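Below is one structure, written out as structure tokens; the observations come after it.
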Amino acid sequence: MDKRPCDSGGDAEVRKGPWTMEEDMILINYIATHGDGVWNTLARSAGLKRTGKSCRLRWLNYLRPDVRRGNITPEEQVLIMELHAMWGNRWSKIAKHLPGRTDNEIKNYWRTRIQKHMNKQGDHQTLSGGQSSEADHNMDQASTSQAMPGPHDADHQHRDAADQIYSPPSYPENLDTFSAPFPTESSNDNVWSMDDLWSLQLLNGDGD
DNA sequence: AATGGGACCAACCGCGGGAAC
DNA sequence: AGTTCCCGCGGTTGGTCCCAT
């Protein structure tokens, strides 16, 4: 299968790296006016020197108005672990059950926090039990859900829609350990939020 | 006060599937 | 029926920030 992404023809001069505020504005304005989709065309039409892929990623992971940024709540954390135990690294699938969260964010969260933590625990188990240490992926699927009969007493008061879709009987006891080291404020808002961006966009004249 | 290490986040890359031509 | 293009997904890398020494 030779799938050669022909990007934007031969124009070359494709920008990479971090998006500037100006590029964000262009993309937001363009999508607000014309809608998204057909990303390669969009990128060209909007005058962005980015690949369609890059535009799509930027939009979906960051600029979309409904994207929810900020700390993962303990509830979300639990949900992520449960869903990951069921589906493994199907991040997009997991993300669908976490409204406003992107697969990229969940993936990052998993890798940087949960998996690391589990590795530590796995390490301990390896030291004592002698399990395979390179079971990186396997560990994901197995260790999360198995043999952890802990009637965890967290406040499941506002579990969102995902809980209705999937309501597991129990989840790992070590969630206690997981939730402890993480800050649990709902949102930091220290990033210049989409509100800012969208209001800027409006100030800018909403397109042409 | 400076340096090093670790953690986290954003973005890019490659691959595979599906749709359109 | 075959080829090309676009979309979406998962994995990986690079950059930045924060904390500890």
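Every residue number used here counts from 1 along the chain in the order it is shown.
Every residue gets a Cβ built from N, Cα and C, even glycine.
Feature annotations, courtesy of TrEMBL:
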- A:11-63: domain 'Myb-like' (DOMAIN)
- A:11-63: domain 'HTH myb-type' (DOMAIN)
- A:64-118: domain 'HTH myb-type' (DOMAIN)
- A:64-114: domain 'Myb-like' (DOMAIN)
- A:119-182: region 'Disordered' (REGION)
- A:124-133: compositional bias 'Polar residues' (COMPBIAS)
- A:152-162: compositional bias 'Basic and acidic residues' (COMPBIAS)
PLDDT averaged over every residue in the domain 'HTH myb-type' (A:11-63): 86
For the domain 'Myb-like' (A:64-114), the number of residues DSSP places in helix, strand and coil: 32 helix, 0 strand, 19 coil
